[in-house]
């Protein structure tokens, strides 16, 4: 695009839209959109195609696929498996496994170690060792044309992105807020955990993304969601409508620095100015979420690897709220923990391609602190065995997610001061 001077010539064309249109024109199945944007880009088709040809000559390749090979000055991201979440609102894990077997895939059972996920090849697939409805296929496996995906029976979602809803784990019938909801994968995951019983209030500022999300939720069969084109920061916690909201999923705008992609070496990390602006918004959003009076449990997540957006935000807000909320110790066997920047940061989870075979990600779960002698199960820290065996118990019909153990066992509150 730079060589063709597209953005200089068409100053009204948003850069993010330009990237999508140029990709569809040069590498996809052609421009699907109509109207002025299509006409505008087609005006530059000859120059864009000439720039693509020049790039292939410079890289000494003959076809577009060969452009994916590593080039000088480019960081090659590690290969991440293809993760497929079974949408339990429409089907079950066993039926999906049987379907893929009939399609010629070889099912290897549940992985015992994360290392097994990196050794998949051909048409092999596994059940993830942590999430009970997540299937794992070799990298580059494409299911976008698969009829299970088209019908909403499976969701193509990175494993790290599945963690917030899984760790929030609201019981069926709960009222939940998804504060920054689009594009809706996490919302549909929460709906599946709720079994469509209860209520999800989903907010997003972008009307176009919200419209896309609405279509996605219909395809997924998520019927318990109420979507609002509204800034979450303007939602009134004292509104009686939200008086029964006990769970909140907060995945605010972030730098996206954890997303697996090929980056020119000079691009590097986001600027300190942008990080400060994002962190200010993230602190506001987290502080606002904790003001909902009935809130018991909140999952905060980003697809960023920056400390400023993750541990620093969580610690600042925890200090502001004193002992009202505390961190929950998540999946103690998870290989990558929060950076040791404050006491208890190891309760948080981090993810990255090298350590967890996922996109870069961060998750922290906060629970409302009960009184020291309280036996209320919502204040119990899950024990390692309870959390790590949650996936296995779910397969056996004994509950799902990290809350399942609470039905059988109550522990005295443990606090991160």
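Here the Cβ of each residue, glycine as well, is placed from N, Cα and C on the backbone.
According to TrEMBL, the features are:
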{"type": "ACT_SITE", "residues": "303", "note": "active site, nucleophile"}
{"type": "BINDING", "residues": "180, 181, 182, 183, 184, 185, 186, 204, 231, 251", "note": "S-adenosyl-L-methionine binding site"}
{"type": "COMPBIAS", "residues": "403-417", "note": "compositional bias 'Basic residues'"}
{"type": "DOMAIN", "residues": "72-369", "note": "domain 'SAM-dependent MTase RsmB/NOP-type'"}
{"type": "REGION", "residues": "373-417", "note": "region 'Disordered'"}
Among the binding-site residues listed here, 180, 182, 184, 186, 231, whose Cβ has the fewest other Cβ atoms inside 10 Å? 231
Tell me the Cβ contacts of residue 303 (active site, nucleophile) under 8 Å, same chain only and six or more apart in sequence, or just say none. 160, 161, 254, 256, 257, 258, 259, 359, 360, 361
So what pLDDT does the domain 'SAM-dependent MTase RsmB/NOP-type' (72-369) average out to? 93
Between the two most separated Cα atoms in 180, 181, 182, 183, 184, 185, 186, 204, 231, 251, the residues recorded as binding S-adenosyl-L-methionine, what distance in Å do you get? 19
